[in-house]
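Notes follow once the structure below has been shown.
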Amino acid sequence: NSAHPCCDPVTCQPKKGEHCISGPCCRNCKFLNSGTVCKRAVGDDMDDYCSGITTDCPRNPYKGKD
């Protein structure tokens, strides 16, 4: 069983100097840049973009209500 390369095995938190462990806006232990598409549009929808400060893929604020 190998440890995740971004995770401190003792604390289960990102290693020093790393931003994240996993998520749609995390790659190679770093947050993806602001404006990186994290969810492509389907139909009349609009793309969702990473914020650059979190691993979440926030919903595009200009989308209509579900």
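Note that Cβ sites are derived from N, Cα and C of the backbone, with glycine treated the same way.
The model shown is predicted, which means the values in this text are computed figures rather than measured ones.
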Cysteine from Cys20, Cys25, Cys26 that Swiss-Prot links to Cys50 by a disulfide bond: Cys25
Per Swiss-Prot, the disulfide partner of Cys26, chosen from Cys20, Cys38: Cys20
Cys20, Cys38, Cys50, Cys57 screened against Cys29 (disulfide bond), Cα within 10 Å - retained disulfide-bonded residues: Cys20
For the domain 'Disintegrin' (1-65), the number of residues DSSP places in helix, strand and coil: 0 helix, 11 strand, 54 coil
Euclidean distance between Cα atoms of Cys6 (disulfide bond) and Cys25 (disulfide bond), Å: 14
Cβ packing number for Cys50 (disulfide bond), 10 Å threshold: 24
